[in-house]
């Protein structure tokens, strides 16, 4: 390690006094002006990780659905997955090290993780469209170069595209070509092969209005347009030319506020969807003829995909194990529909994409979506091999056709991470193949009315949970109180969990009516306020 170069470059990216940041599920996020030293040091870490695993590592500069003035950075592991948990700890240590301690911390990481500094390092870099992202990417490059690493800067890409490219690189092209053209070609070819098998292909145009949150999604969808046939027409809104990123638009805004984004004119029964700022989440929605807004979130997306896959898996007659993975935030009626009507096993895990992803890897076909619209489908290597073999060798027409559809689904799905572009194409293909309107899809089951609240507390760590965050272990008496409150309402459920980033406790409640869900959420928030050290004025009833 060149100590002189490390000192020199570190001085160019000084750490502000008193700032402490933690690497979470989404990496680091903060106001952009506080992040220069962090992204420089994550450049160092990406080079170290690459040397440790002898593979290309990704580093993405984005703050996803956060406001435009924020930014963030996260690392991507060799197969396009989230950074390994043990390295999250190193990331936090490195980000918070004092200037004079930096070399010592790097040396400690090398010892703990058995990093050979003489090995080569290779890092792929991507960034979103925030004004601060280009400069922060340059700071990443400084960090990589200090440790003698090589890098490829892809510039403006969606987060899922960077995950995809890292996986392609480390599988020697087995997953696809590590270029944007390779990504567009793979997805569009699989999509067109699928909709070819639709009864109504060619006879009508499929129109979809897409709110791109004034983010990177608009740019990349425009690049992808030439790859699609004229039967498929995407109308792009909030393309970033007029308004600020994520401002009153995007998947997070639509999900949280349960209303359409600004900048998108909706006519009755038109199919619309929203991406978030870095295009790894998607939600659908429409307005009915009475003008009521209907949200189709991650739960309903998982259900639609599960129906389609279950039918195909039944036709190929293989003993594939399929399951859906949800978090405690999944609507109770979605879980009920999957288990009781579809007869698909459902597993509940802690909040955070990495938990869902790991659980989904346990099955031949694992469907996972968070209610916020982040999710994908994972196919095991064994299932994929068998399906591709059936396409080539199966004599029975029906079986072979079903296997062909499954093969196209494998290729259309970005299995590295939730991907709004890929998920949108999967959904559009399924709706076309099944001849479903957005209203039919919405009518599969009715969501139970629910309410999300948060309560400020002096220290969020007083809340400890178990059972995939569905039950509180501490403070004493809180879970008993929640149980008693839930008993008062029909079809009711409630849980509390500490935020991962701020001193607030998040509360979720659902019940048979919106009035009851609101009342339950308020009563639980009061219990949290009194038993978990609430700050400020007690929560007020929902008006």
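Each position is counted from 1, following the chain as shown.
Every residue gets a Cβ built from N, Cα and C, even glycine.
Please treat TrEMBL annotations as automatic predictions, because they have not gone through curation.
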Where TrEMBL places coiled coil among the ranges 388-415, 444-471, 472-499: 388-415
Fewest other C-beta atoms within 10 angstroms, as judged across 498, 500, which are the binding-site residues: 500
Intrachain residues whose Cβ lies under 8 Å of the coiled coil (388-415), provided they are six or more past its termini: 80, 160, 163-164, 186-187, 189-191, 193-194, 197, 308-309, 312-313, 315-318, 376-379, 421-422, 425-426, 429, 433
Among 276, 278, 370, the one of these binding-site residues whose Cβ has the fewest neighbouring Cβ atoms within 10 Å: 370
Secondary structure content of the domain 'Alpha-D-phosphohexomutase C-terminal' (452-525), with strand meaning DSSP E or B: 24 helix, 26 strand, 24 coil
DSSP-assigned states of the domain 'Alpha-D-phosphohexomutase alpha/beta/alpha' (103-166) in counts, ordered helix, strand, coil: 32 helix, 13 strand, 19 coil
Same-chain residues at least 6 apart in sequence whose Cβ lies under 8 Å from residue 64 (active site, phosphoserine intermediate): 26, 29, 72, 159, 276, 277, 278, 280, 281
Neighbouring C-beta atoms (10 Å sphere around the C-beta of residue 280 (Mg(2+) binding site)): 32
List of residues, in chain order, with Cβ under 8 A from that of residue 372 (substrate binding site) and at least 6 apart: 251, 252, 255, 281, 283, 297, 298, 329
